[in-house]
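Undergrad: Pulled from TrEMBL, these are the listed features:
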{"type": "ACT_SITE", "residues": "D143", "note": "active site, proton donor/acceptor"}
{"type": "BINDING", "residues": "N9, E380", "note": "Mg(2+) binding site"}
{"type": "BINDING", "residues": "K16, H203, L204, G205, N206, G207, D277, M278, R279, G325, I326, G327, E328, N329", "note": "ATP binding site"}
{"type": "BINDING", "residues": "R86", "note": "substrate binding site"}
{"type": "SITE", "residues": "H175", "note": "site 'Transition state stabilizer'"}
{"type": "SITE", "residues": "R236", "note": "site 'Transition state stabilizer'"}
Amino acid sequence: MEDTILVVNCGSSSLKLALFDQNYNKIASALAERLNNTDAFARIKNVDDPVVLSANADHKQALAALVNAFRERQLMTRDPIAIGHRVVHGGETFREASPIDDATIAAIESCSSLAPLHNPVNLAGIQAMQALFPTITQVAVFDTAYHQTLPERAFRYALPDHYYRDWGVRRYGFHGTSHYYMAHEASLLLDKTPATTSIISAHLGNGCSITAIRDGLSVDTSMGLTPLEGLVMGTRSGDVDPGLFDFLAARGISAREAHRVLNNESGLLGLSGQTNDMRSLCDLADHGHEPSQLAIEVFCFRLARYIGAMTASLSRLDALVFTGGIGENSARIRRETAKHLCLLGIELDSDLNRDHGRWSDGRINAADSRYPVLVIPTNEELVIAREAARLATN
Ligand code: AMP
């Protein structure tokens, strides 16, 4: 019988569960959505029949139903050797993944004010799995941990000192698991070691962030105190003038309402007025929808500006790396971004870019580009599975 590892990723109203074998091949994955709603549902990937959930099922009930479904289908014939949890915010407490005990739970709770939509549901997932598997090692893998190597000049905001000392107002950065994986995978493709690899990693999905990685360590990143800062995203604005909040307050829009709009109704959705989905946006632009074309231009220009900004943290660049749903799949976004980078000497090969580097070990740069450009599919679940197994067998 094979050893397995479970990976749990709880979002505010959804969750993902993945099952890996001892060689880190994914055996099964499952999804539950619309949790705490009357039409909550769950299913295992590539299985037609849904997993039955009661109306208003919560994270705990959905996890119990999915674990049961894995067992019934003989996907998991005995308890896993480890369970890894994605946890969004580890504050300054967690510089790496951590086995979960009472002290870990208390520390995750104490970071909840920094991620009120995420940490409480991450904890709900942890507690649900502890009830289902009381003797199995559970491990928390934090989105923020990889960025704990940022130097102070990169993580501090130019605000009154006590904002940081008293309330922890600083740049934390997110998508750390993905950026860490990019550093690791890029080093393999470049025939180097992670500790000698310096890259700029652009994670472009529904959420987007970019990180400067020097000799394997995160030294600057675009997301900040919250995942709202930085690049243009699906529904998030990224950077705006902080003066906007007072300007809007004078027009009757509270800070809370402005925050909601900046998170949920801005970014590609706000600019296009149509969609937060980059693929649909490209289709609309192709059919002459000008706001969609503008949204693409703003997205690419902001990204190119940040690529330039990230070079300030590096003394050498081994590769520019694209990942995430957009970064891996959109030749157009990579091409439009690279057009702004000619001063850096970054040139793409149009054929390799169109093929997403699939026939060239991820490389999409032209032969005369000053720097390699790579497309690398991200795999945050794999990193979490490896970390969980490593800490469980330590
Ligand atoms: P993620 O959050 O990493 O799953 O990425 C989701 C984003 O990737 C959405 O905006 C998708 O539209 C986008 N995406 C996926 N495939 C493509 C594609 N072929 N072209 C453009 N965007 C894509």
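Cβ atoms are placed via backbone N, Cα and C, with glycine included.
Nobody curates TrEMBL annotations by hand; they come from automatic prediction.
The structure displayed is predicted, hence computed values, not measured ones.
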Undergrad: What's the CA to CA span in angstrom from D277 (ATP binding site) over to R236 (site 'Transition state stabilizer')?
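TA: One finds 12 Å between the Cα atoms of these residues.
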Undergrad: As a check: which entries in N9, D143, H175, L204, D277, I326, the recorded positions, place their Cβ less than 6 Å from an atom of ligand 1?
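TA: D277, I326, in sequence order.
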Undergrad: Under 8 Å Cβ to Cβ from R86 (substrate binding site), same chain, six or more residues apart: give me those in sequence order, or none if nothing qualifies.
TA: V7, V8, N9, C10, N122, V141, D143, T177, E380, I384
Undergrad: Have a look at the binding-site residues L204, N206, I326, E328 and say which one has the shortest Cα distance to R236 (site 'Transition state stabilizer').
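TA: Sorting the binding-site residues by distance from R236 (site 'Transition state stabilizer'), the top entry is N206.
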Undergrad: Widest Cα span across the ATP binders K16, H203, L204, G205, N206, G207, D277, M278, R279, G325, I326, G327, E328, N329, in Å?
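TA: This binding site's residues have a maximal Cα-Cα distance of 23 Å.
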Undergrad: Measure the Cβ-based neighbour count of D143 (active site, proton donor/acceptor), defined as the other Cβ atoms within 10 Å of its Cβ.
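TA: Summing over all protein chains shown, D143 (active site, proton donor/acceptor) has 26 other Cβ atoms within 10 Å.
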Undergrad: Which residues in the same chain, at least 6 apart in sequence, have a Cβ under 8 Å from the Cβ of N206 (ATP binding site)?
TA: M233, G234, T235, N276, G325
Undergrad: Give me the long-range Cβ neighbours of K16 (ATP binding site): same chain, 6+ apart, Cβ under 8 Å, in sequence order.
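TA: Counting only residues 6 or more apart in sequence, the Cβ neighbours of K16 (ATP binding site) under 8 Å are V7, V8, N9, S29, A30, L31, E381.
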Undergrad: Counting only residues 6+ apart in the same chain, whose Cβ is under 8 Å from the Cβ of R279 (ATP binding site)?
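TA: Sequence-distant Cβ neighbours: N329, S330.
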Undergrad: Between I326 (ATP binding site) and H175 (site 'Transition state stabilizer'), what is the CA-CA distance rounded to a whole number of Å?
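TA: Taking the Cα atoms only, I326 (ATP binding site) lies 15 Å from H175 (site 'Transition state stabilizer').
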Undergrad: Through the lens of DSSP with three states only, how would you label D143 (active site, proton donor/acceptor)?
TA: coil
Undergrad: If I restrict to non-local contacts, at least six residues apart, and a C-beta distance under 8 angstroms, what lies near L204 (ATP binding site) in its own chain?
TA: L231, L303, F322, T323, G324, G325, I326, G327, S330, I333
